[in-house]
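K.L.:
If you look up TrEMBL, you'll see 87, 90, 94, 374, 471, 474, 475 marked as Na(+) binding site. The compositional bias 'Basic and acidic residues' annotation in TrEMBL covers 7-20. For 193-202, the entry in TrEMBL reads disulfide bond. Residues annotated as region 'Disordered' in TrEMBL: 1-26. If you look up TrEMBL, you'll see 81-98, 110-128, 161-181, 289-309, 318-335, 367-388, 400-421, 459-479, 500-519, 531-554, 575-595, 615-634 marked as transmembrane segment.
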């Protein structure tokens, strides 16, 4: 237990006095106060505003040894923090998901619910997490344990989300490396048929181009779905392969306008499925481990480990490259795309507004989902990165900058994507929607096929997949740093000395954990994890964060904490944290549950045990929240259950400014 008094005067305090919250110290010159009779009233007001029964001993938490703020690493410059946060928020999903969601929900008009969701949902949570992380300068486990002991399971839940995300996200980086390697080959391997990995249903770009020069080709999606891999080819002439062997002769059909190649696949999709993935028949058939995928996974994990070997001392320097390079490459692709025939066709399809979609609840829900997941709130990474800030850093300004830059990048990237897809549609004389896909289908099937139509396709392919690689690295840097920071914070003096070995151990564990994704059935596991892992827990955690800060700790107190850091209160966020943001997140959560349907991949339907595995992964990261809450109530001393709960809801003595100069009049005893 710590007592705040002057060096000259340390009066004893009764237990009743010790219960009364903050004690002002007489070392007031350093903290901007003057020790005069006139200041007594001001000091009494400050004392009253922070009054509460906050005895750490009574809620079962032992006092921590006080550490000096300077013992913790801080960003070498403000630029490093901004670049790290932008790199984290701008990931692969910004390119492969946003454009598809945009065109599905009204094109350009989707930007209205999109930016409304940023202001009302994403920004408040982003600012909240940045605030608590910067105030305490600790990782998520320690932040939630100090702010509300009953909610300390939230910090553990955030770490589990990061572990699960790092578990499967690394394989995306590995796939990007595989494609980047193959981009050096001429011709590009995903443009060819008659290779060792191809099936008899493969149709290459050259076949289609040849048919176009002789007749007409009409690509229409099978079963009414926009899947350019499974297409029906309608011909008025024959298609031959590179050896002049007839694959299909339209004259053999009585009706020349409806000749079909059953279950035809593009060369690009066959390369993805049968060369990169070497896909098996399903989740129950994991098959062996293709050496090239394991090697790429090892390289990706090693690069991540090197980037965070010494924490922000290394990652803060690496982000100057990994956070800026994607913008350079994306701009180059966009400029090139703007010069291609048919680019305007793709842009028109991308931004053409359909105002009727504003009347559909689905568009608003999908906008909230998009901004929530793309900014990475509720993962704990925002708390971790903000914990390395200086105490007086303007975290509100930074939150606004990162949110706007991150989400505007999604819009910006959509132009680069659809310009090239518009060019592809122009070449084949097809509607752009034929190629509108999201997820790996866009990044590893459709876009590579579109790149193959450009002059010097090897150069553009290397640029695109290098961009995906750096986008993935930035996200993984912050995700893994969150795990490592919470481990280091358990015993800073011990783990800081062995930080490199700790990083190597954690990343080795993550690599071994990720090996199943490299198996021939790994893509089915990837789809299952991607479908379930982030759909439920992160939203529930976001709702709880708003409840804890807005209702339990109290917006009055958090506003005073903000005033200490920023010099002013931010009252608009009181309304958002208490009402608007949790209500929106609740609506999103309910909508996700109501429209739930089991995942599928390439026509494969998961069996009951596969779905059960998915639900287990969806719920396991949330389990620490109720379990640790019950444990906290059980170990807290009190005469009744309600008294134990009340004490467990109060901040501990650990919740105090990270800046030691401000602790002198903020300390809780």
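Here, residue 1 is simply the first one shown, and the rest follow in order.
Each Cβ is built from the backbone N, Cα and C atoms, and glycine gets one as well.
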K.L.:
Between the transmembrane segment (110-128) and the transmembrane segment (367-388), are there three or more C-beta pairs closer than 8 Å, counting only pairs 6 or more apart along the chain?
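P.N.:
In this chain the transmembrane segment (110-128) contacts the transmembrane segment (367-388) - 3 or more Cβ pairs sit under 8 Å.
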K.L.:
Counting only residues 6+ away from its ends, which parts of the chain sit with a Cβ under 8 Å from the transmembrane segment (615-634)?
P.N.:
59-60, 149-154, 156-157, 160-161, 164, 528-529, 532-533, 535-537, 540-541, 544, 641, 644-645, 648
K.L.:
Could you state the CA-to-CA distance between residue 475 (Na(+) binding site) and residue 193 (disulfide bond) to the nearest Å?
P.N.:
35
K.L.:
Can you list, in sequence order, the residues of the same chain other than 87, 90, 94, 374, 471, 474, 475 whose CB lies within 8 Å of the CB centroid of the Na(+) site?
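P.N.:
Near the Na(+) site, beyond 87, 90, 94, 374, 471, 474, 475, sit 86, 88, 89, 91, 92, 93, 326, 406, 409, 472.
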K.L.:
Cα distance, residue 202 (disulfide bond) to residue 471 (Na(+) binding site), nearest Å?
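P.N.:
If we compare the Cα positions of residue 471 (Na(+) binding site) and residue 202 (disulfide bond), the gap is 31 Å.
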K.L.:
The transmembrane segment (289-309): which same-chain residues, six or more beyond its ends, come within Cβ distance under 8 Å?
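P.N.:
170-171, 173-175, 177-178, 181, 276-278, 315, 318, 322, 472-473, 476-477, 480-481, 484, 499-500, 503-504, 507, 510-511, 514-515, 517-520, 522.
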K.L.:
Out of 161-181, 500-519, 575-595, what stretch is closest in contact terms to the transmembrane segment (531-554), meaning most Cβ pairs under 8 angstroms?
P.N.:
575-595
K.L.:
For the transmembrane segment (161-181), which partner among 318-335, 367-388, 575-595 gives the most CB pairs under 8 Å?
P.N.:
367-388
K.L.:
Radius 10 Å, atoms counted are CB only; among the binding-site residues 94, 374, 475, which position scores highest?
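P.N.:
Compared across 94, 374, 475, the most Cβ atoms within 10 Å surround 475.
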K.L.:
Between the transmembrane segment (367-388) and the transmembrane segment (81-98), are there at least three Cβ pairs closer than 8 Å, leaving out pairs fewer than 6 positions apart?
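P.N.:
When sequence-distant Cβ pairs are counted, the transmembrane segment (81-98) touches the transmembrane segment (367-388), since at least 3 lie under 8 Å.
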